[in-house]
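Here is what TrEMBL records for this protein:
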- 1-357: domain 'FMN hydroxy acid dehydrogenase' (DOMAIN)
- Tyr24, Arg165, His252, Arg255: glyoxylate binding site (BINDING)
- 77-79, Ser106, Gln128, Tyr130, Thr156, Lys228, Ser250, 283-287, 306-307: FMN binding site (BINDING)
- His252: active site, proton acceptor (ACT_SITE)
Amino acid sequence: MALVCLTDFEEYAKEHLSKATWDYYAAGADECCTRDDNLLAYKRIRLRPRVLRDVSVSDTRTTVQGTEIGFPVGIAPTAFHCLAWHEGEVATARATEALNTCYITSTYSTCSVEEIVAAAPGGYRWFQLYVYRDRKLSEQIVQRVEALGYKALVLTVDVPYTGKRRNDIRNQFKLPPHLKVKNFDGVFQQETGAPEDYGIPANTLDPSISWKDVYWLQSITRLPIIIKGILTKEDAELAVEHGVQGIIVSNHGGRQLDGGPATIDALSEIVDTVQGRIEIYLDGGIRTGSDVLKALALGAKCVFIGRPAVWGLAYKGEEGVREVLQILNDEFRLSMALSGCRNVAEINRNLIQFSRL
């Protein structure tokens, strides 16, 4: 049977991945309230379509950080793609290159940054970064990705500690022995049985990370810095003041603080505060083309998908990721046209009303 929407891919992945792998990808923190609300929040938003607008020609192209992409949906940084498909991030990179959009490569990739570039040399890529207690580790990976032609750094700021994901604890989730966090292969001389945090020795991430580390990062790279994990207008203002080039409104797919807002609900106050001074993106809960339209109407420049990319991998590797992206592109184009928008520039907040339900 043909898979015609992202939910079909989700159901396929749930049936075909091992329970521990499915639970890892699906996990939210604690009671999963924020994870689930990322989805439900879109259903509370209604569109106000305009008609008789001549939508015989439509254009989904946009730009991010000055680079044109085919449509405003990219791949969010997600770990361990080789758990879903043997080629892992290499397949994801080729799919995003084929559809001319942005792929944010995760620090926690099961393919190295070099392998990803070799697989899709023409692809447009950013690199997602954590700050480690050993700053040299972070500095070395920044130098590697800058030399490889990655176009921006995405600093994830919502993980001073890892959220409590109950099923991962119940399953005693670990990377299988044949897989590694490839970007740090050989860096950590891990003793057998020593505590791990998703493939890296426990307590490697630095909980003392603060705004001053943004300045430190700016001192070691010329790449634009985008901060991922902002949910409030106060932090959005601080991001602008610290000279970053973008914000990804994100709650880590509901995997960190449970009880925080859905990202689409946090978006408006951040857009109103930033006032166009830097670009704002969003991840979390995107499942249809109309979700993309709603996020853009509320001020996001581009959205990023995490779990759906993994479902595509689980279905058919590179081809599956391409299908997921193509479905979202087609649905977005159709939602635009049915709402009376011929191009991305015509999408604005007048399209939106909030349900009273």
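Backbone N, Cα and C define each Cβ position, glycine as well.
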Closest of Tyr24, Arg165, His252, Arg255 to Gln128 (FMN binding site), Cα positions, binding-site residues only:
His252
Ten-angstrom check, please: count other Cβ atoms within 10 Å of the Cβ of Tyr24 (glyoxylate binding site), all chains counted.
22
Can you give me the residues near the recorded glyoxylate site, meaning same chain, not Tyr24, Arg165, His252, Arg255 themselves, Cβ no more than 8 Å from the center of the site's Cβ atoms?
Ala27, Gly28, Ala29, Thr162, Gly163, Asp168, Gly253, Gly254, Gln256
Mind looking up the mean pLDDT for the domain 'FMN hydroxy acid dehydrogenase' (1-357) in the predicted model?
96
For Thr156 (FMN binding site), which residues of its chain lie six or more apart in sequence with Cβ-Cβ distance below 8 Å?
Pro77, Gln128, Leu129, Tyr130, Lys228, Gly229, His252
I'd like the number of other C-beta atoms within 10 A of the C-beta of Ile286 (FMN binding site), please.
29
Got a sec? Which of these binding-site residues, Pro77, Gly284, Gly306, has the most Cβ atoms within 10 Å?
Gly284
Considering the binding-site residues Gln128, Ser250, which residue's Cβ sits among the greatest number of other Cβ atoms within 10 Å?
Ser250
Around Arg255 (glyoxylate binding site), how many other C-beta atoms are within 10 angstroms of its C-beta?
23
Counting Cβ neighbours within 10 Å across all chains shown, tell me which of the binding-site residues Ala79, His252 comes out on top.
His252
Spatially closest candidate among Tyr24, Arg165, Arg255, the listed binding-site residues, to Gly284 (FMN binding site) (Cα to Cα):
Arg255
Please list residues from the chain of Arg165 (glyoxylate binding site) whose Cβ is under 8 angstroms from its Cβ, counting only those at least six apart in sequence.
Tyr24, Ala27, Gly28, Ala29, Arg255
